[in-house]
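Step one of this worksheet: look at the structure below.
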Amino acid sequence: MTSFLRSDRSRPVALWLFVVAVLVFAMVVVGGATRLTDSGLSITQWKPIMGALPPMSDEAWRANFELYKKIPQYRLVNAGMTLEAYKGIFWWEWAHRLLGRLVGVVFAIPFVFFLIRRMIPRRLIWRCAVLLGLGGLQGVVGWWMVSSGLSERVSVAPERLMTHLGLALALFVFVIWTALDAWAGSPRVEERTNWRGWALAFLGAVFFQSLLGALVAGNDAGLVYNDWPLMNGALVPAEYAGHGFWGTLAHSQGAVQLHHRLMAYALFVAAIVAGVAAARSRRLPEEAKLTAFVLVGVVCLQAGLGIWTLMTAVPLALGVLHQAGAAILLATATTFAWRVRRP
């Protein structure tokens, strides 16, 4: 039986962090919908404070629409768009930014309160401070991403989209891990088995797969090669190579989709092998075994959902579900990696 120090855990702090994690999850999902509806460039200004309010009059709506008309996306893709149609894409981007602001408020105010009341375990204070800083950085990265589509491109740069999503998911993982530590406390000893390394490696692989998925989304690569398991009848797409090494890795539709597929196959095999190993293991605690089985199930569901999404050319509902599934898989992998460290 693990012994915990009472001063080393705080259930109120844990619950607060779990709420933050749910809000980050919602922001990731709405961000996916924003990308799929091509709404991310609808707000062409960055106003962290005043931008929290949407246009409140017809004149304000027209002013925002006129700003949108100045960017390449309107001229080359949405020329002739009506004000009502513009409002449709505006609300997605506004909701995404509003959730970002809400995450900041829900994190910062309780953090100060718990800090003053000395309710945060000492070893977690620095983590919470880092999370607060990363949250602020995420807002800057978000605008950096949007700005890439305001002058020459008709969409945001895929590598900047990958950076924005990657930081959001890193925050998601960090918040969940910290919440679990706040809930359970720190064990006097940590379990040292081969499972620790494997679980962290699997978590890293899931995170990397999410970054590959961002490149697929940023290049609209889910709209091509919509057969499976082949790609237009071939194992390797004919249009694999891009303009140079980075062009292939980050901008070739064929390459980014193939890489995303291959990583999915690797994760699927690794999850099945881990599930069998967990079932046979005598050293793995029962709670960790259960988490491993859930992890296998989530991997299988996400793989099936990914194939379905691809073969139907990424309809909005399935695309959003696939992004939500990626976040759920990451949360499950995080929980498993955290759990196997504890005896």
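We number each residue from 1, going along the chain as drawn.
Note that Cβ sites are derived from N, Cα and C of the backbone, with glycine treated the same way.
Feature list (source: Swiss-Prot):
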type	residues	note
BINDING	H260, H322	heme binding site
TRANSMEM	13-33	transmembrane segment
TRANSMEM	96-116	transmembrane segment
TRANSMEM	130-150	transmembrane segment
TRANSMEM	165-185	transmembrane segment
TRANSMEM	197-217	transmembrane segment
TRANSMEM	258-278	transmembrane segment
TRANSMEM	290-310	transmembrane segment
TRANSMEM	311-331	transmembrane segment
What stretch, picked from 13-33, 165-185, 290-310, has the most CB pairs under 8 A with the transmembrane segment (96-116)?
13-33
Two-stretch contact, the transmembrane segment (197-217) and the transmembrane segment (290-310), at least three Cβ pairs under 8 Å:
no
Are there at least 3 C-beta pairs under 8 angstroms linking the transmembrane segment (165-185) and the transmembrane segment (13-33), leaving out pairs fewer than 6 apart in sequence?
yes
The transmembrane segment (311-331) and the transmembrane segment (165-185): do they have three or more Cβ pairs under 8 Å, with pairs 6 or more apart in sequence?
yes
Given a Cβ distance threshold of under 8 angstroms, which distant residues of the chain, six or more beyond its ends, lie next to the transmembrane segment (258-278)?
198, 202, 205-206, 208-209, 212-213, 215-216, 221, 231, 236-237, 240, 249, 284, 288-289, 292-293, 295-296, 299-300, 303, 306
